Amino acid sequence: MLAKRIIPCLDVRDGQVVKGVQFRNHEIIGDIVPLAKRYADEGADELVFYDITASSDGRVVDKSWVSRVAEVIDIPFCVAGGIKSLEDAAQILSFGADKISINSPALADPTLITRLADRFGVQCIVVGIDTWFDAETGKYHVNQYTGDESRTRVTQWETLDWVEEVQKRGAGEIVLNMMNQDGVRNGYDLQQLAKVRAVCHVPLIASGGAGTMEHFLEAFRDADVDGALAASVFHKQIINIGELKAYLAAQGVEIRVC
């Protein structure tokens, strides 16, 4: 069985790491490179960087920091933000990123997933899905351009349908960003994760809601996700990655202990 992964997420805006709640009201956390190094040293399995306004601004991720991150960490990392072409992806990978993630551009042009997978291999193509639970309808809907709250919009896709669609098109991994839980630290949406897990046959990463070590355990044990992504609990040093992994290992989770 493959080891479960602990993945700190670094949202990047204007060259700094920021963090919001439910994708809004972002506060500055700090500089990119020192944070990346700290997480690698603590035992993170990989890192994810989101240039959160790249897609809504109509630009590609700011590449200036990608190579600097690659110089100071020795774990895999994934970069996302406005990647709309093979050329964009090739440049980011050439700067040292191990994976690229697409979200809003995939919704705008789903063929991009296939073209990227054919060119670079499915193993380095991640599709991020920003999903919102509508309490009135009881349905999960995919949102687009979530990095800028003034431009965020609900798409015509229901989450489970989009999960199936991106797999058909060549997604090698899916990160499910559960917007209702984002930054609230009340736990992952296990019900939604279980529904997605039932139709997701590639690695599935849970994102949004981690507040305690038990929340990570629940995601691995009850929803059978392959990785758990979190931000604020690591940024604010509420949870230490090394201690988290020791806890999970003691609970019987297959994990790489530092």
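Cβ atoms here come from the backbone N, Cα and C positions, even for glycine.
According to DSSP, ASP11 (active site) is assigned to a strand segment. Among the features that Swiss-Prot reports, active site is placed at ASP11 (among others).
For the recorded site, ASP130 (active site), the DSSP three-state label reads strand. The active site annotation in Swiss-Prot covers ASP130 (among others).
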(request) Within 10 Å of the Cβ of ASP11 (active site), how many other Cβ atoms can you find? Include all protein chains, please. (result) 23
